[in-house]
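Report on the following structure.
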Amino acid sequence: IATVDCSDYPKPVCSLEYMPLCGSDSKTYSNKCNFCNAVADSNGTLTLSHFGKC
């Protein structure tokens, strides 16, 4: 199972780095920061489906 450590998030600003991750909501997030901010917003209900685009 793919995991991402989001303990340092949420962050106010994310970089434009492009390293896509696919969330359990079938949405592609452009990088770890954007994904982890979404995880924080979801109160932990969002998880990582896999690395790369959905």
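Any Cβ shown, glycine's included, is placed from N, Cα and C.
As annotated by Swiss-Prot, disulfide bond applies to Cys6-Cys36, Cys14-Cys33, Cys22-Cys54. According to Swiss-Prot, the feature domain 'Kazal-like' maps to 4-54. According to Swiss-Prot, the feature N-linked glycosylation site maps to Asn43.
Where Swiss-Prot records a feature, it is marked here on the structure.
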residue: Cys6; record: disulfide bond; CB count, 10 Å: 18
residue: Cys14; record: disulfide bond; CB count, 10 Å: 17
residue: Cys22; record: disulfide bond; CB count, 10 Å: 18
residue: Cys33; record: disulfide bond; CB count, 10 Å: 20
residue: Cys36; record: disulfide bond; CB count, 10 Å: 23
residue: Asn43; record: N-linked glycosylation site; CB count, 10 Å: 7
residue: Cys54; record: disulfide bond; CB count, 10 Å: 14
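For Cys6 (disulfide bond), the nearest neighbour among the recorded positions Cys14, Cys22, Cys33, Asn43, Cys54, judged by Cα separation, is Cys33.
Distance from the CA of Asn43 (N-linked glycosylation site) to the CA of Cys33 (disulfide bond) is 16 Å. You'll find the Cα of Cys36 (disulfide bond) roughly 10 Å from the Cα of Cys14 (disulfide bond). DSSP states for the domain 'Kazal-like' (4-54), grouped as helix (H, G, I), strand (E, B) and coil, give 10 helix, 9 strand, 32 coil.
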